[in-house]
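Copied over from TrEMBL, here are the features:
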- 9, 10, 11, 12, 67, 124, 128, 132, 191, 192, 193: substrate binding site (BINDING)
- 62-67, 77-78, 83-84, 106, 141-142, 185, 195: FMN binding site (BINDING)
- 35-157: domain 'Pyridoxamine 5'-phosphate oxidase N-terminal' (DOMAIN)
- 172-212: domain 'Pyridoxine 5'-phosphate oxidase dimerisation C-terminal' (DOMAIN)
Ligand SMILES: Cc1cc2nc3c(=O)[nH]c(=O)nc-3n(C[C@H](O)[C@H](O)[C@H](O)COP(=O)(O)O)c2cc1C
């Protein structure tokens with residue numbers, strides 16, 4: 001029998017969010033949740049949705065991997081000429097969403113996106129396996145390509161010309177999303193979910209509870 005997806009629902013019972021348990025610094029709160037997700041070895045615990053908006057106001061979203069975070073922001077790596085790269089150039093506003101279903105948790109983060117310093121992009125580029133470095137160097141991400149075969153030919157040509165010794169291409173590197181809003185969401189029974197939002201205003205973070 002066919003499953004009716006509209007009937008897919010489960011009760012959220014894993015946890016609760018009390019203001020008293022939340023750190024006043026949302027970066028530290030994020031770290032606590034993120035570490036729990038990583039330590040539980042949840043698949044792709046560092047996968048996050050990035051939403052961007054083009055200069056003509058069209059929104060788009062895609063999954064990326066979080067590669068670094070600290071009190072400056074949340075870092076990811078990509079092609080600067082990709083669709084998201086062009087969006088960010090024209091409009092630096094961005095939003096991230098993490099979803100850890102096993103923990104019944106979601107984190108939303110919003111802010112402005114800036115390019116990462118070149119030396120940090122270099123550092124990460126050279127940590128990547130050679131195959132990924134090659135792929136980043138040849139792929140005109142988000143542009144139309146004729147066929148899969150053309151892509152493989154581009155790899156072969158690049159390898160023949162450059163071997164394994166090449167620098168990071170200018171069009172590939174990191175971005176940092178600098179948050180001014182976080183929301184921590186914990187699923188609760190009967191959809192009476194807990195939501196705590198943090199806002200950065202006048203150089204301080206304040207938090208409040210939102211209705212589910
Ligand atoms: C689990 C997962 C991880 C991904 N990680 C990245 C990443 O770190 N960087 C990246 O450029 N694309 C990554 N992608 C591919 C993007 O979702 C997307 O297809 C690509 O960046 C092109 O997006 P754009 O055309 O909107 O710029 C990932 C996809 C998945 C499903």
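Note that Cβ sites are derived from N, Cα and C of the backbone, with glycine treated the same way.
Because TrEMBL annotations are produced automatically, they should be read as predictions rather than curated entries.
Mapped onto this structure are the features recorded in TrEMBL.
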residue	record	Cβ contacts under 8 Å, 6 or more apart
9	substrate binding site	none
11	substrate binding site	189, 190
66	FMN binding site	46, 47, 48, 74, 75, 76, 96, 98
67	substrate binding site	46, 75, 76, 77, 124, 174
83	FMN binding site	60, 142
106	FMN binding site	97, 98, 99, 100, 183, 184, 185
128	substrate binding site	136
191	substrate binding site	12, 212
193	substrate binding site	12, 185, 186, 187, 212
195	FMN binding site	17, 183, 184, 185, 186, 209, 210, 211, 212
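Residues 11-17, 19, 22, 24-26, 29-30, 33, 50, 67-68, 72-80, 88, 94, 96, 104-116, 118, 120-121, 124-125, 136-137 of the same chain sit 6 or more residues outside the domain 'Pyridoxine 5'-phosphate oxidase dimerisation C-terminal' (172-212) yet have a Cβ under 8 Å from a Cβ within it. Maximum C-alpha to C-alpha distance over the listed substrate-binding residues 9, 10, 11, 12, 67, 124, 128, 132, 191, 192, 193 is 43 Å. For residue 64 (FMN binding site), the same-chain residues 6+ apart in sequence whose C-beta sits under 8 angstroms from its C-beta are 47, 48, 49, 50, 76, 78. Residue counts for the domain 'Pyridoxine 5'-phosphate oxidase dimerisation C-terminal' (172-212) under DSSP, split into helix (H, G, I), strand (E, B) and coil, are 3 helix, 29 strand, 9 coil. Its Cβ placed at the centre, residue 62 (FMN binding site) has 14 other Cβ atoms within 10 Å. Residues 64, taken from the binding-site residues 9, 11, 64, 106, 128, are distinguished by a CB atom under 6 angstroms from ligand 1. Note on the binding-site residues 77, 142: the fewest other CB atoms within 10 A surround the CB of 142.
In the three-state DSSP reading, residue 9 (substrate binding site) counts as coil. DSSP assigns residue 64 (FMN binding site) to a strand. On the 0 to 100 pLDDT scale, the domain 'Pyridoxamine 5'-phosphate oxidase N-terminal' (35-157) averages 97 in the predicted structure. Under DSSP, the residues of the domain 'Pyridoxamine 5'-phosphate oxidase N-terminal' (35-157) split into helix, strand and coil as follows: 45 helix, 43 strand, 35 coil.
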